[in-house]
């Protein structure tokens, strides 16, 4: 278990930073390229542990994939060309891989077994396996398909109209991917609109997708045609440096090529509402996945209330938003964020416990947290508990804490941002 020592940053963070490729889009580009007909070239791919797990799984099913840094070539097999894996498909720490891939495996007429690490073994799979079973897939697992390992024998599926109890892009995507070979029109309705990378990329690969309010539909029998994919920077990774730029004194950062998909930009809306000083310069208007350069500098923040429809648009950014709130004047309330409990860790409890160790005044609620600003943080020994977003949040916290901060299990950041600590170091010079 590797640890990192973070010293206070007295001179601020300054400079330009190119944000690594979006994790969600990188996963989908590999998967969709694998089931498309023809060769797909992906540029800007995120070579983090999670996305490499996706490559490994599809290679195991006979797909020819060559990865060289942030460029990947996938020679697609078509929807019917995947081969039965000879070994267990290991997704590592990647919830996206197991949930989306389950939708693809549900419509393949062979047997597969899917598992991941200890964190994946605790994460709820029934939200995906139940609708896939309703479509006709034969899926089993611990506690009737609630937990991994999962066994899947796909086959002839029938379309369903599914009302999802949660706004989850992973649930929605698994059902839509299963629907590609299902008989009829598959429809998914959510309580709030979740991130729409799957819909956008399916359309880029030639699939007709219909969107009506909170409902997404597609007809079975459609084929994917290979296309080249340019992956923008991951706004969830950018969030750590956006908050760092706002709360570390004497800072000014330019974040280049940040993905600006409107289903993901809740962090931008929150920082604006809190009073952060920043500018957004669009760089690829008209692209299926918009991007921008963002300049942010040290700001005076104020506490706000965060809840409702915005939560799915910033669910992964809540740990670092909580950190920002510790440096804001007044009280910040985060609610309607039950989904935090089923991430890599229970992020409500973990954020509260670790920030409390650093001297923050923060308390957990059933569906979020309450943060009392402004708090002077003091260095301490903290732990990511294997959660990449907790690890990065704690690193930024260490930059403003008095004295050194020791982060245990710091290597977890490699899941989504392998060069995070190196980038942080560069910006302090």
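Cβ from N, Cα, C; glycine included.
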Which of 95, 145, 368, 414 belongs with 23, 123, 170, 347, 389 in the phosphoenolpyruvate site listed by Swiss-Prot: 95
Listed binding-site residues among 23, 28, 170, 316 whose Cα sits within 10 Å of residue 389 (phosphoenolpyruvate binding site): 316
Residue among binding-site residues 23, 24, 28, 168 with Cα closest to the Cα of residue 347 (phosphoenolpyruvate binding site): 168
Binding-site residues compared (23, 28, 123, 347, 389) - the one with the fewest other Cβ atoms within 10 Å: 123
Listed binding-site residues among 24, 168, 170, 343 whose Cα sits within 10 Å of residue 95 (phosphoenolpyruvate binding site): 170, 343
Nearest-integer angstrom distance between the alpha carbons (Cα) of residue 23 (3-phosphoshikimate binding site) and residue 123 (phosphoenolpyruvate binding site): 19
